[in-house]
Amino acid sequence: MPTIRPDEISTIIKQQIEQYNQEMQISNVGTVLQVGDGIARIYGLEKVMASELLEFEDGTVGIALNLEEDNVGAVLIGSGRNIQEGSIVKATGRIASIPVGEALLGRVVDPLCNPIDGKGPIHCTETRLIESPAPGIVDRRSVYEPLQTGITAIDALIPIGRGQRELIIGDRQTGKTTLAVDTILNQKGQDVICIYVAIGQKQSNIAQVVNILSERGAMDYSIVVAAGADSPAPLQWLAPYCGATIAEYFMYQGKHTLVVYDDLSKQAVAYRQMSLLLRRPPGREAYPGDVFYLHSRLLERAAKLNSRLGEGSMTALPIVETQANDVSAYIPTNVISITDGQIFLESDLFNAGIRPAINVGISVSRVGSAAQTKAMKKVAGSIKVELAQYRDLEAFAQFASDLDEATQKQLARGQRLQEILKQPQYSPLSLDQQVAIIYAGTRGYLDDIPVEKVSSFKQGLLSYLGTAHPKYGEIVLSTKQLTDEAEEILKTAIAEFKQSFLAKAA
């Protein structure tokens, strides 16, 4: 029979009394009235705040979106399969936040920054709110530094600056994602941190982008935030804000960041789905009334900070998909009005073999020209006018049988300019290479080269410049200008190469 030791019992009781804490925990709780389709209606939670995180009995997290008189409408982040009518819900008193830090570089994460690449946990010491206010007017400065995309047509005609928001818009399968990925690849060695946000994409497409970035060594300075087509609507809605939050962390440390949102049409569709299930009144195209605010509060977070805040920047490249080239639909017009310009890709140009399929006529950059390098400004000044004139003449030439010599020359020049702006995917060019190609095109060096041989001439000239005249590239890349010395070297190189090229062709 065990012996009872009173001294031990009294010691334990004393310890329990000493450790007793009178502090009461008051929780704001409610009960689930209805659940389904990723939406829960909850009774109670009288003191809940808009966008507050809610915790369900099974551990599922929700966000309170509709605060009504007798119930709260919440979206579920997760499957919510184990939530039943009558389940207890607790308000957490917190707003959605994610861990941020250098440890995210090279990783693929979901919109809550949980790793999904199988490379183990991510250890971040800091957290940031997913929804945070954009920098104010006094915190910004105007865009003045170029963000080189490596795509000649963009850097010459529609230049982008650090801190700008440039929309990439076009039908499906016109090369929108390719443009964005090329831009990320071109940031290698430029000290720019890139965030690629995939919203509602097929898993195979996301895997393809990650593979390309890994193969080219771009994942060292990139982060991929993925909310695939099979992700719940709330995660597709949150994904762009997660990308912006990660970029903000680096921006406020004085670093340069680039965020690609691929694509905001699918985010708007996910938000429409949530809003209709929450019984919010539908507006144009069944989108809710605040769909403009959905995108404006996201894109306004892109900025070029002033010197007091460290001169960091966040450049945004939102992508929007159109139906049958209709840029006057609701979401495209909204995003066009928010951004600082757009790059319009056309399926007709793409099918005609002009890739990147940029329609130079309606593509604009409202602030990027201030950030264009002097070297590019010097050579690209006339190319836009010449291309516009070529398009007009091309339409006219279809109906006219006999054209005067000047018109024929202009058409021939335009064809060659169009040819030099063609570029294969995943092969961005450096500034000195772009300047050399445009210089050769606008100064008439290609006028007597057959159109079908312009592409091989271009490739040959670039390799010849790199091997025979490396000083040209050194001058342009170090000064960002086409100095008199560099121009003389370039003229000599083009003349030498052209002579050998024509001799071989003959």
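Each position is counted from 1, following the chain as shown.
Placed from the backbone N, Cα and C atoms, the Cβ positions cover glycine too.
The shown structure was predicted, so the numbers you read here are calculated from the model rather than taken from an experiment.
Taking a C-beta cut-off of under 8 angstroms and a sequence separation of 6 or more, T174 (ATP binding site) has the following same-chain neighbours: L345, E346, S347, F350, A357. In the three-state DSSP scheme, T174 (ATP binding site) falls into the coil class. For G170, D171, R172, Q173, T174, G175, K176, T177, the entry in Swiss-Prot reads ATP binding site.
Feature annotation from Swiss-Prot assigns site 'Required for activity' to S363. Non-local contacts of S363 (site 'Required for activity') by the CB criterion (under 8 A, 6+ apart in sequence, same chain) comprise L157, I158, G341, Q342, I343, F344.
Counting only same-chain residues at least 6 apart in sequence, those with a Cβ under 8 Å from the Cβ of T177 (ATP binding site) are N205, V209, D262, I319. Neighbour counts were taken as the number of other C-beta atoms within 10 angstroms of each residue's C-beta; across the binding-site residues R172, K176, the minimum falls on R172.
In this view, the densest Cβ surroundings among the binding-site residues G170, G175 belong to G170, judged by other Cβ atoms lying within 10 Å. Residue density at Q173 (ATP binding site): 12 other Cβ atoms are found within 10 A of its Cβ, drawing on all protein chains shown. Annotated ATP site G170, D171, R172, Q173, T174, G175, K176, T177; additional same-chain residues within 8 Å of its Cβ mean position, judged by their own Cβ, are E321, L345, S347, F350, A357.
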